[in-house]
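Colleague: Could you have a look at this structure, given as structure tokens, before my questions?
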Amino acid sequence: MLVIGAGVQGLTSGIVLAEAGVPVRIRTAERPRDTTSAVAGAMWGPAMLRPADRVLRWVTRSYAEFTALCRDSASGVHLAPGRMAARFDLGDVVPPEAHLLDDLRKCTPDELPEGFVSGYHATVPLIDMPKYLDHLVDRFRAAGGELVVSPVPTLGEAVAEARVVVNCTGVGARELVGDPAVHPVRGQHVVVANPGVQEYFIELTTDSEFTGYMPHGDRVVLGGVAVEHDWNLVPSRTVSEGILRRCAEVEPKLDGAEVRDEIVGLRPGREQVRLEVEHFEGSRIVHDYGHAGCGVALSWGCAFEVADLVGA
Ligand SMILES: Cc1cc2nc3c(=O)[nH]c(=O)nc-3n(C[C@H](O)[C@H](O)[C@H](O)COP(=O)(O)OP(=O)(O)OC[C@H]3O[C@@H](n4cnc5c(N)ncnc54)[C@H](O)[C@@H]3O)c2cc1C
């Protein structure tokens, strides 16, 4: 079986298939650490995507896997307390998957930074993506999988190689599949040396600029921006300055933190996630792309559904 893509979707699907005994080859245009997945913050959190019923199933399944992975420090996954807050009233109704979080509670007014009016406190899995992707590659290879850096120019070439193909190309699906519905939503992070931050913070908003930070041991990943239809992969100094300023306003310890890196990734935006079988030139292609800003949080649930669809 051929999986195209070695971001979080391709690697997780590859693992589930390989661990079920299927011989799997992954072909990828980029090394895992050079993908969008490597840029993600990343947190498991509520996923407001469509199709809502399937997304709820995927995010719930993934939560179980991530909480189990927390027990292995080499995985790059750990549980962290923190706040999800908004500059408007979030009300009392939370997304159904938030009920998985045992310690979910409303923030008291004095727990909210200036300018924020509403928020929730909860412990969630945080995923240190570069480390986590290395862990996934090791686990995939340990299960007998083969990973090669080798771009796939056409779906025709893919189905000539394997009768079952899993397409996990993220925003690359726009070109490979010719799907105009998938488009880039540009994100940028600033990675700083950790000045002692233990808790995460994420602003809930639909604005293109927001505030968020996630600690991973000796570094903190700061965000954020979400710019639709922007393909630019070069970090912008102005955007980084805005991120640093907003994060320091919420967490003063971050003021003047040593900048280690500025990184950009293109979220695969789509009106809804595409996870379905296409019959193509006598072969089957399972498309699994378009996870927007939630591809990590949905990854295990999607991978198990990919395996179900191919009958593994
Ligand atoms: C700044 C930022 C913050 C984020 N934060 C979070 C978060 O906190 N939580 C969360 O759940 N999600 C988050 N996301 C979203 C998440 O990163 C994506 O949804 C996820 O990485 C998509 O994974 P993927 O494997 O589908 O795509 P990608 O990681 O983009 O991988 C695509 C793969 O396909 C390969 N490919 C593409 N075309 C071809 C081809 N023709 N031939 C061969 N290979 C090809 C690429 O080389 C790559 O290996 C964030 C994203 C960004 C940018």
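Backbone N, Cα and C atoms are what each Cβ position is placed from, and that goes for glycine too.
Keep in mind it's a predicted model, so treat the numbers as computed, not measured.
As annotated by TrEMBL, FAD binding site applies to THR36, SER37, VAL152, THR169. The feature D-dopa binding site is assigned by TrEMBL to ARG267, GLY293. Annotation comment: TrEMBL describes 2-309 as domain 'FAD dependent oxidoreductase'.
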Colleague: Hey, does DSSP put GLY293 (D-dopa binding site) in a helix, a strand, or just coil?
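Modeller: For GLY293 (D-dopa binding site) - judged by DSSP and reduced to three states - the answer is helix.
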Colleague: Would you list, in sequence order, the binding-site residues among THR36, VAL152, THR169 whose CA lies within 10 Å of the CA of ARG267 (D-dopa binding site)?
Modeller: THR36
Colleague: Going by DSSP, is SER37 (FAD binding site) part of a helix, a strand, or coil?
Modeller: helix
Colleague: Using a 10 Å radius around each Cβ and all protein chains in view, which of these binding-site residues has the most neighbours: THR36, SER37, THR169?
Modeller: SER37
Colleague: Distance between VAL152 (FAD binding site) and GLY293 (D-dopa binding site) at the Cα atoms, whole Å?
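Modeller: Rounded to the nearest whole number, the Cα-Cα distance is 24 Å.
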Colleague: Taking 10 A as the limit, how many CB atoms besides its own sit near the CB of VAL152 (FAD binding site)?
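Modeller: Within a 10 Å radius of the Cβ of VAL152 (FAD binding site) lie 20 other Cβ atoms.
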Colleague: Return the residues near GLY293 (D-dopa binding site), defined as same-chain residues 6+ apart in sequence whose C-beta is under 8 angstroms from its C-beta, sorted by sequence, else 'none'.
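Modeller: Correct list: VAL185, GLY187, ALA226, ARG267.
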Colleague: Would you report the average pLDDT that the model assigns to the domain 'FAD dependent oxidoreductase' (2-309)?
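Modeller: The predicted confidence over the domain 'FAD dependent oxidoreductase' (2-309), as a mean pLDDT, is 98.
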